[in-house]
Amino acid sequence: MQLYNTMTRTKEPFVSRVPGKVAMYVCGITAYDLCHIGHARSSVVFDVLVRYLRHIGFDVTFVRNFTDVDDKIIKKANAEGTTSQEIAERYIATFYEDMDKLGILRPNAEPKATEYIGEMASLAQRLIDSGHAYRTPSGDVYFRVRSFAGYGKLSGRDVEDMRSGARVAPGEEKEDPLDFALWKASKPGEPVWESPFGPGRPGWHLECSAMSEKLLGMPIDIHGGGQDLIFPHHENEIAQSEAAIGGEFCRYWVHNGFVRINTEKMSKSLGNFITIRDIYARYLPEVLRFFLLSSQYRSPLDYSDQGLDEAEKGIKRIYAAKVQMEQALGRAKWSETKLPADVTEELSRHEEGFTAAMDDDLNTAQAMGHVFGLVRLAGRLMEDKTLAKSRETAEVLGRILADFGVWAEVLGVFGTDATAFLADLKACRLTRLGIDAARVDGLVAERQDARKAKDFARSDAIRDELASLGVTVMDTPTGPQWDIA
């Protein structure tokens, strides 16, 4: 498997530090508000990475943190007249609700920053002792950026360029404008902990370094997050961790691309974000997950209702194909008709193609293409009146269903009961489009009566009325069935 390493700006063969084992850390949410679709993308990307690494045989220890002490949390708590802890607990709970519906597997460990204050203070003290950090008279602790020769290597930024125009804000006691906070001295209205440098709270960057070292050891194999974290957060993590341990902090840096709305990065700070719950109000969670897997994870993803509609159609095709294959395999008797040689070749090509796509920097978009390739292959076999009866067709369909079962575990989609999913999808679409199912059932029954009475003018009029609602009717041997176009 190859992964794109942000540090080297190239795809590299993935080789773990300890053979067969992977230590992986991903920056989690700052728990002060509902999660948006950008959080959903990052969660899905790294969930699939963990799933695939396990699929190909790695024992993955996955850690994802919660930032439960931060300026934004404190600001919200003060505005609501409550505590930072209450705010953090509230939004950690909503995070779990959203992510469980999205099919995100729970990590091996989910540390909260406030649970590791001692480790953070210890790390800051080590940096002070080694000359990489300093305590100010007011009790703040800053990291000396210029003391770390590799600063900027992840983001590709030059220290001198960053220094140009930078200023120390009034009231700050930094030696250099580039220095960043490891520990913030206590202030009224903020949570506080004791430390060797006096009462205060940790800086944001310190927590991930301390928790990853404590829970995973150094160096970790994979550190993940959104591209917005490359600078300053991950750059600062590298500086403080490598300055403290005197060696490599992380071997592979993996970052997912932004979600964009109207070509702009979506974020809370820009005020153009769409919460996950906004989407769940109109689409099934699995449709959102499918949509997020429709592009390569490093590429920008443009959000739109049209994109979700296309994802809905796509996942419906897969589930419908599963139902058709399961029904086809219920045949009591099979012929010995031989399949063309290219059928098994096509099947193998898509199976190998799926693996090759996932091995190529987790290219889920290309992998999905091979899923649909097997949907088309199954459709051709079932539609051919002669081949549909062949025992060899049954073997191919069984193999495709088995492939889908394995791939569903890897991707986290199309793995539930197909009939139940299609019923839920239909109900969701009816609600979103404002279509009354009872009215449709009545019109379909009325059309059926008209057909029996050979009143084809009335039957056609009802069909047109249904079409105006976006409903199509299929006449089957067991009676009419309808769906939303």
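The backbone N, Cα and C atoms fix where each Cβ goes, and this holds for glycine too.
Of the candidate ranges 185-189, 265-269, 310-314, Swiss-Prot annotates residues 265-269 with the feature motif ''KMSKS' region'.
Of the residues proposed, CYS27, CYS35, the one Swiss-Prot records at the same Zn(2+) site as CYS208, HIS233, GLU237 is CYS27.
Which of 29-39, 51-61, 238-248 counts as motif ''HIGH' region' depends on Swiss-Prot, and there it is 29-39. One way to see the shell of the Zn(2+) site is to take the Cβ centroid of CYS27, CYS208, HIS233, GLU237; the remaining same-chain residues with a Cβ within 8 Å of it are TRP204, HIS205, GLU207, SER209, HIS223, GLY225, LEU229, HIS234, ASN236. For the binding-site residues CYS27, CYS208, the greatest number of Cβ atoms within 10 Å around a candidate Cβ is found at CYS208.
According to its DSSP assignment, CYS27 (Zn(2+) binding site) is coil.
Between the listed binding-site residues, namely HIS233, GLU237, the fewest other CB atoms within 10 angstroms of a CB are found at HIS233.
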